[in-house]
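Q: Handing you a structure now.
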């Protein structure tokens, strides 16, 4: 079971490395979306500081959504997905490996540049660590929920748009608690409650999403 | 070993075939015949469990394959129409991954030998996107050499895009697998020099 997990994880990370242009596109998208806000709402520092948590979280969420449709598309097109479904291991095992590799190659880079973008919006220094922590807990939930959506819309015409419609409503609670954590920390009321809720959400998503995703993949490939 | 009863296959809202039944014993080879679009690939997908039949069931060693999925898939090798190659990986990386993902522990040397044996010794480290159609097909087929432990081989058009030598080699490999007590089920429109002519199942006879 572990060997299948590691084989899929290693392969997907290798593929992400060989196709690193895609990773850079996600990262550039995140940076550009954040940079658009000062142009749109004006460069008044107090105003930017107030909207910074929400802006950073929405940008991270959209960056995550941008590449989600690629999660299974290539494997579906070239037949690898069929072979994985015929593996004797439960599908949730390799689905989890794929999701983890995907998060490492798209979520993690966004988390890494998020503090720099936060400084751009003049977010208070105290909020930076909570921002990173909330993104670290929150983006894996986005990826797991998105993976279920990606599996359901696999092979459909206009699947990318449908995927966005399907998963964006599900992202709302994560956004509320993620951005809320940073705001609570900055306003001095403490972010613990928000972070605990995000952690609980992550535990639930890790336990349930791979199975839902595996079931959806079986339906999509039939 | 493999047995199907009353199979019916629905594609979209069209019934492709119904009341299809066959039985495959150890050491037998079955060729699925029929014109294009009659449902040969669909039948193979039903047999592998990738798709569900509208009616009927497929049994492996007497058990319904849906109830014994893990045991059945541990004994099955399916090579579909798409060769399951990622263009960014080399043939060796692709083959190693295919084996590992399927749950087989295969040493790297064995993978190299399988690729050399199928005639890809000069392409081991090239990315798969520069390979020709026939060479891509061969990378997929190299798995046959590493899957002697899996008794049931289900192959979708294995001879497509292969040259005359490769066809003869593949036919010999399939015949040898059957001689060792395995079974092979495949679709093909091509004649190949098998040691024993395979039994033929004409899907067209069950078409609706």
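These residue numbers are counts, starting from 1, taken along the chain as shown.
Backbone N, Cα and C define each Cβ position, glycine as well.
What TrEMBL says about a protein is an automatic prediction, not a curated fact.
As listed in TrEMBL for this protein:
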type     : residues  : note
TRANSMEM : A:21-39   : transmembrane segment
TRANSMEM : A:51-72   : transmembrane segment
TRANSMEM : A:93-118  : transmembrane segment
TRANSMEM : A:130-154 : transmembrane segment
TRANSMEM : A:161-182 : transmembrane segment
TRANSMEM : A:194-217 : transmembrane segment
Q: I need to check the long-range neighbours of the transmembrane segment (A:93-118): which residues 6 or more away from its ends have a CB within less than 8 Å of a CB in the stretch?
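A: Sequence-distant neighbours of the transmembrane segment (A:93-118): 1, 4-6, 8-9, 12-13, 16, 23, 26-27, 30-31, 34, 52, 56, 59-60, 63-64, 67, 71-72, 84, 87, 127-128, 131-132, 135-136, 139-140, 142-144, 147, 206, 209-210, 213-214, 217.
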Q: Near the transmembrane segment (A:194-217), which residues from the same chain, at least 6 beyond its ends, have a CB less than 8 A from one of its CBs?
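A: Apart from its flanks, the transmembrane segment (A:194-217) reaches 72, 81, 85, 90-93, 95-96, 99, 130, 133-134, 137-138, 140-141, 144-145, 147-148, 151-152, 154, 173-174, 177-178, 180-181, 184.
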Q: So if I exclude everything within five residues of the ends of the transmembrane segment (A:51-72), which remaining residues of that chain have a CB under 8 angstroms from its CBs? That is, six or more out.
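A: For the transmembrane segment (A:51-72), the nonlocal Cβ contacts are 22, 25-27, 29-30, 33-34, 37, 41, 81, 98-99, 102, 106-107, 110-111, 114, 117-118, 121-123, 127, 131, 134-135, 138-139, 142-143, 146-147, 149-151, 153-154, 159-160, 163-164, 167-168, 171, 174-175, 178-180, 182-183, 186, 217.
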